[in-house]
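Database features (TrEMBL):
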{"type": "BINDING", "residues": "Gly10, Ala11, Gly12, Lys13, Gly14, Thr15, Arg127, Gly172", "note": "ATP binding site"}
{"type": "BINDING", "residues": "Thr31, Arg36, Ala57, Tyr58, Val59, Gly85, Tyr86, Pro87, Arg88, Gln92, Arg133, Arg144", "note": "AMP binding site"}
{"type": "REGION", "residues": "30-59", "note": "region 'NMP'"}
Amino acid sequence: MHLLIMGPPGAGKGTQAGRIGEHYKIPAISTGDMFRAMRDSDTPLARQVQDIMASGAYVPDDVTNQVVADRLVADDCAGGFLLDGYPRTLDQVAFLDGVLKEADCELDAVVSLAVDPDELVARLTRRSATDGRADDSPEAIRTRQQVYVDQTAPLLEVYRQRGLLVEVDGLGEVDEVTRRLFSALDRHAGSTPATSAS
Ligand code: ADP
């Protein structure tokens, strides 16, 4: 099973990604978490990544692509994976296409979690009070939403055209969203040519 989960900052990707990973017994790989983990290392690259993240901008594609490529060769990815927060740019889409082709595998579905923009800002503002993430400041929240709209939202169309997009309403209780998500994934699996009876 090879899956992606996409959605604007605050859509609840991380929470749902964890549940999808458990369900299909595949690793849920978050580029945001991997970059946050770099905080512990005091290298020039780690410092650059921290500054970029705190501003709400994207880490450069070459850095991000390399981090992902290195992660996907790990043993636990042999049976599949769920990427949370990657790809976010067209360049990353092309890079991932190459990695998948090399490994002779294909994406099964791309989950898109959709949430109203006002609700997203409200969620992130609430989270900033509890989690203390550097990129949950009001300016960084605005930047992240805008960067998502400009650079990442167009990717949904790319995956829609490939017949991979599974859109899920991300508004409501976490468990309710999870239920919606699995039934949408089941419907998608039942309608793809490889598994359909017709
Ligand atoms: P969110 O979805 O709320 O922005 P993430 O934890 O997924 O949170 O990402 C946090 C930050 O990590 C992003 O704002 C960006 O700076 C960096 N990042 C994560 N994934 C990518 C990516 N695929 N390309 C570039 N930057 C990324």
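Glycine is no exception: its Cβ is also placed from the backbone N, Cα and C atoms.
Mapped onto this structure are the features recorded in TrEMBL.
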residue: Gly10; record: ATP binding site; CB count, 10 Å: 24
residue: Ala11; record: ATP binding site; CB count, 10 Å: 23
residue: Gly12; record: ATP binding site; CB count, 10 Å: 19
residue: Lys13; record: ATP binding site; CB count, 10 Å: 23
residue: Gly14; record: ATP binding site; CB count, 10 Å: 15
residue: Thr31; record: AMP binding site; CB count, 10 Å: 21
residue: Ala57; record: AMP binding site; CB count, 10 Å: 15
residue: Val59; record: AMP binding site; CB count, 10 Å: 21
residue: Arg88; record: AMP binding site; CB count, 10 Å: 21
residue: Arg133; record: AMP binding site; CB count, 10 Å: 16
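Among the binding-site residues Gly14, Thr15, Tyr86, Arg133, Gly172, residues whose Cβ is positioned under 6 Å from ligand 1 are identified as Tyr86. Long-range Cβ neighbours of Thr15 (ATP binding site) (same chain, at least 6 residues apart, Cβ-Cβ under 8 Å): Val174. Pairwise Cα distances among Gly10, Ala11, Gly12, Lys13, Gly14, Thr15, Arg127, Gly172, which the record gives as the binders of ATP, peak at 16 Å.
Mean pLDDT, taken over the region 'NMP' (30-59), works out to 91 on the 0 to 100 scale.
You'll find the Cα of Gly12 (ATP binding site) roughly 15 Å from the Cα of Arg133 (AMP binding site). Looking at Arg88 (AMP binding site) and Arg127 (ATP binding site), their Cα atoms lie 22 Å from each other.
Closest by Cα distance to Gly10 (ATP binding site), from the binding-site residues Thr31, Ala57, Tyr86, Arg133, is Arg133. Between the candidate binding-site residues, Tyr86, Arg127, Gly172, the densest Cβ environment within 10 Å is the one around Tyr86.
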